[in-house]
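Remarks on the structure that follows.
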């Protein structure tokens, strides 16, 4: 036995540790593992705590007060929108009305609202202030003649355009300004439809302002309007604007910082000067950078994406093809001129609508003559009995947008016929029926003369001057022929923009051409024609009128916008006398003081010092029958069916154009001695 073994004492602590060293190592390892796990948990909790703190910092102070104190201090509440400023540029008052409507709606959200006329606003001094005001600015601007702004918005647009291209202002001059634009225009003027609205939107964006909602475009052309009328277009845009305004109030939307792709960001999808479609925006985030390194393992995924995109493109192309075919079919079928919105608007104005593009309405002079009172100037000048006259039109569309139009610009406009067409037989039949139906409503009404009521039920005259451009109707000649076959005279008014149609016009009892201005510039401002060659068309129309050999009626001395602009009758007489001095073959024949107008007639209608401006309508119908029987070879002139003008209708007569049978005239002059007149 080795004596050295006696020196080892297995019962000693050191020996025990040595013998159990495996368990000790295991304990240390377990402890270190626990410590590592503990550190991981601690760091994770710290990260969550920091993230929570960062979120709390983004929470409005008022919300934190609510979480800590149980109540909100209104004084400390963070304000995201301090108010709304609505700027408008208006010519006829439509944009101004929209601005007032928008202001009322914005005020209902509890926001301070200011409505500003751009004519009274200096952008050089005040526009940059909106960058820090926390206001939301809305611009309601109309496009006027030739795509120019209205007079009230002219200076603002000029300043904005110059500032957007001036390097001294820079691309961040209006950074912080939040804005929205609604433009008013007419798509019939295709080359500059809503040009002002588009430009204001673009220029603001170029100066760094942030668009909060897509630009709205109102269209006066009800046939092309997206929602049926410009009012409906505005209401649709206003709904979007108010919804975005409410979101901004809650702080849900933040201005774009300019670092996002193509001017787009998650908080705002409206940051391009010309908005892209959702198809253009979709998928851009997922496209792989062509310069990046591709892992071999990802090639399968990439190929799948390529195949998927190819299938989607094929499907989109099929959809586009289907849409194109649908549009083509719709175009071949043609749309109705009278849209639901237009029907509602015209019905409110008292129109009885016929088919898809015609209408009839009762004239106030018809009502007047039913009561035994006087008629309109057509009765004084030509002998047309107002109570037997039907005011109608086979075309509600027009080629002008005259500033003095009393139809509120509700009718559609166009340079050619592009709508569904009704047959003239149906139009005439329903026009007479609707006219008679309106006359029947006066039966038994106090003051209505029984004999005139009976006469009024038989239409003898048709005034094609209700609204629109009747000569634009493709079947106008057939319609006129039907009138004459029914022994109804025709009184047609045209706006001097369709000379070819005037030349091709078959015989008409009376043909009027409106002469609203004497120069190219004034005609452009007053009539606002759609045709670019409007002046040549105007001149050609007058030449075509001269070739027809019809009675000429004098020009209008003014384009009246309000009653304040209407000249006094004495002023009209003075103007017409000056005009007659320039056309020696004409003289003043008749006057109708109530209508504030005079008739200038050619001297060939003055026979033996007596005027013959009235019309023998029975003789005209006989001549028309001879014309039709001859196949159009028989000719006749206005002198063949003229009638002597009564004394009371002559210029300078005591009656001043009032029919002595007019009960109002009799009451007015009951105590006067007019025997010496």
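Including glycine, each Cβ sits where the backbone N, Cα and C put it.
Coiled coil is the annotation TrEMBL gives to one range among 141-171, 172-202, 203-233, 296-326, and that range is 296-326.
The range from 48-88, 89-129, 253-293 that TrEMBL describes as region 'Disordered' is residues 253-293. When the ranges 1-21, 22-42 are checked against TrEMBL, the one recorded as transmembrane segment is 22-42.
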